[in-house]
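Chemist: Per TrEMBL, the feature active site, proton donor maps to H231. What TrEMBL lists as active site, proton acceptor is E369. Residues annotated as beta-D-galactose binding site in TrEMBL: N130, R131, H231, V232, Y233, D303.
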Amino acid sequence: MPDNLPRRQVLRTAGALGLGAAAAGALQTGADAVGTPDKVAAMDAQRGHGRLDIRKDPFGTTPDGQAVDVYTFTNGRVTISMLTWGATIQRVDTPDRRGHTKNISLGFDNLPDYAALSPYFGATVGRYGNRIAKGKFSIDGHAYQIPINNGENALHGGTIGFDKRVWKAKVVQSSSAVGVAFTYVSPDGEMGFPGELTSKVTYTLDKHDNLRIDYHATVTGKPTIQNLTNHVYFNLAGEGSGSIDGHILQLNAPKFTPVDAGLIPTGELTPVAGTPFDFNQPTAIGARLRDDHPQLVIGRGYDHNFVLGKAGADGMRFAARFWEPAAGRTVTVHTSQPGAQFYSGNFLDGTFQGIGNRAYRQGDAFAFETQHFPDSPNQPNFPSTVLRPGEVFTSTTVYTFGTK
Ligand code: BGC
């Protein structure tokens with residue numbers, strides 16, 4: 001078990017999955033999953049790459065008695081597990097360039113750890129992802145207060161955000177993709193936010209190893225603010241395998257939004273040229289991480305929103321590509337969102353272990369949260385995050401898994 005995948009997890013997913021031998025093969029992480037490069041194509045054929053399948057299993061029960069399920073969907077090559085708790089990506093199993101499959105997403109194998117310990121591992125974050133200064137904002141002259149949960153600011157929707165709610169789930173399956181549509185209705189006043197917000201977030205995996213996330217939100221009663229994102233943490237060498245310093249990042253962003261000591265944007269859009277924030281050419285994440293740039297000192301590394309390059313005619317833009325040179329895995333991100341928080345796992349501190357029973361230490365993973373800019377409700381120069389009754393918010397982010 002090079003992946004440290006608990007044996008019972010293998011049995012539950014591969015054995016009980018009922019995906020058939022071909023697709024289940026993609027779930028295995030043992031020596032039989034390794035092949036020389038020239039055997040990989042044959043192995044893909046054997047595994048049935050392109051065969052879409054999904055199953056549902058019980059995952060746990062919340063203290064107030066709500067059942068939480070895990071949905072596991074595969075295309076025979078990439079396999080994703082998602083929880084109804086927080087519409088959370090629990091596992092992402094992908095092959096490396098030799099065909100050796102590992103889980104590359106940080107997470108836990110049990111619900112109590114998600115509830116007690118998780119720094120938003122894989123979660124769908126809302127109602128407002130990222131920070132709101134002092135938890136305060138106004139819409140049309142009405143002042144609102146969100147619970148403070150990060151220094152003197154509100155982070156990721158307050159003390160009980162969408163990551164800690166049980167979402168309704170519906171399987172979506174077509175001839176080209178499979179996945180789950182998650183829905184959560186947040187009542188008027190929940191966490192201090194105005195208006196009843198219905199969020200529908202659909203995660204689908206296609207035959208070309210694209211995990212597509214479609215966000216859809218509407219509000220009734222009062223205008224509100226929203227900033228939905230996903231907070232998956234990746235280590236492309238496998239979760240729990242150590243530092244991501246050696247991952248190579250290309251980030252399509254001419255500017256970033258510098259922050260104050262509380263990680264609230266100052267309001268400036270600062271060019272990245274000539275700074276450690278310039279990843280327009282592929283560069284190792286660790287190459288400048290320890291530089292004395294004041295913004296890196298404040299963030300203890302990268303914990304900043306990047307202003308992404310212009311979108312194409314379809315509204316989508318290339319945002320970033322991450323590459324781990326040793327195993328060769330890549331993840332490429334396209335999004336319709338104007339920004340992305342690149343977070344180099346600075347606050348992981350080794351105090352708990354994840355799904356593979358390995359401690360997660362500082363810099364052992366990265367998150368790339370596509371989003372509107374932090375604190376937009378208080379920043380007149382940033383694109384608006386206000387959603388009014390009758391309007392429909394949509395956005396799309398696609399993670400493409402590959403090897404190089
Ligand atoms: C924030 C970090 C925070 C992390 C986990 C990121 O989105 O920017 O500061 O530590 O989420 O909560």
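Each Cβ is built from the backbone N, Cα and C atoms, and glycine gets one as well.
No curator has checked TrEMBL annotations; they are predicted automatically.
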Chemist: For D303 (beta-D-galactose binding site) and H231 (active site, proton donor), determine the Cα separation and express it in whole Å.
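Modeler: Their Cα atoms are separated by 13 Å.
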Chemist: Please identify which of N130, E369 has the densest Cβ environment, defined as other Cβ atoms within 10 Å, among these recorded positions.
Modeler: N130
Chemist: Those binding-site residues, R131, Y233, D303: which ones have a Cβ sitting under 6 Å from ligand 1?
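Modeler: Those binding-site residues that pass the cut-off, since their Cβ is under 6 Å from ligand 1, are D303.
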Chemist: Work through the recorded positions one by one (N130, R131, E369) and name whichever has its CA nearest to the CA of H231 (active site, proton donor).
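Modeler: Comparing Cα positions, the candidate nearest H231 (active site, proton donor) turns out to be E369.
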Chemist: Might you list, by sequence position, any residue in that chain lying six or more from R131 (beta-D-galactose binding site) with a Cβ less than 8 Å away from its Cβ?
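Modeler: Result: N150, N153, A154, L155, G262, L263, I264, P374, D375.
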Chemist: Could you tally the C-beta atoms, other than its own, that fall within 10 angstroms of the C-beta of Y233 (beta-D-galactose binding site)?
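Modeler: The answer is 26 other Cβ atoms.
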Chemist: Please list, in sequence order, the residues in the chain of V232 (beta-D-galactose binding site) that are at least six apart in sequence and whose C-beta is under 8 Å away from its C-beta.
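Modeler: For V232 (beta-D-galactose binding site), the qualifying residues are I89, V92, S105, F121, G122, A367, Y399.
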Chemist: At the Cα level, what's the spacing in Å between Y233 (beta-D-galactose binding site) and the residue listed as 'active site, proton acceptor', rounded?
Modeler: 9
Chemist: State the Cα to Cα distance, in Å, between N130 (beta-D-galactose binding site) and E369 (active site, proton acceptor), rounded to an integer.
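Modeler: It is 9 Å, counting Cα to Cα.
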Chemist: Could you say which of the recorded positions H231, D303 has its Cβ with the most other Cβ atoms inside 10 Å?
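Modeler: Output for this query is H231.
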Chemist: Taking the residues N130, R131, H231, V232, Y233, D303, which the record names as binding beta-D-galactose, find the longest CA to CA distance and state it in Å to the nearest whole number.
Modeler: 18
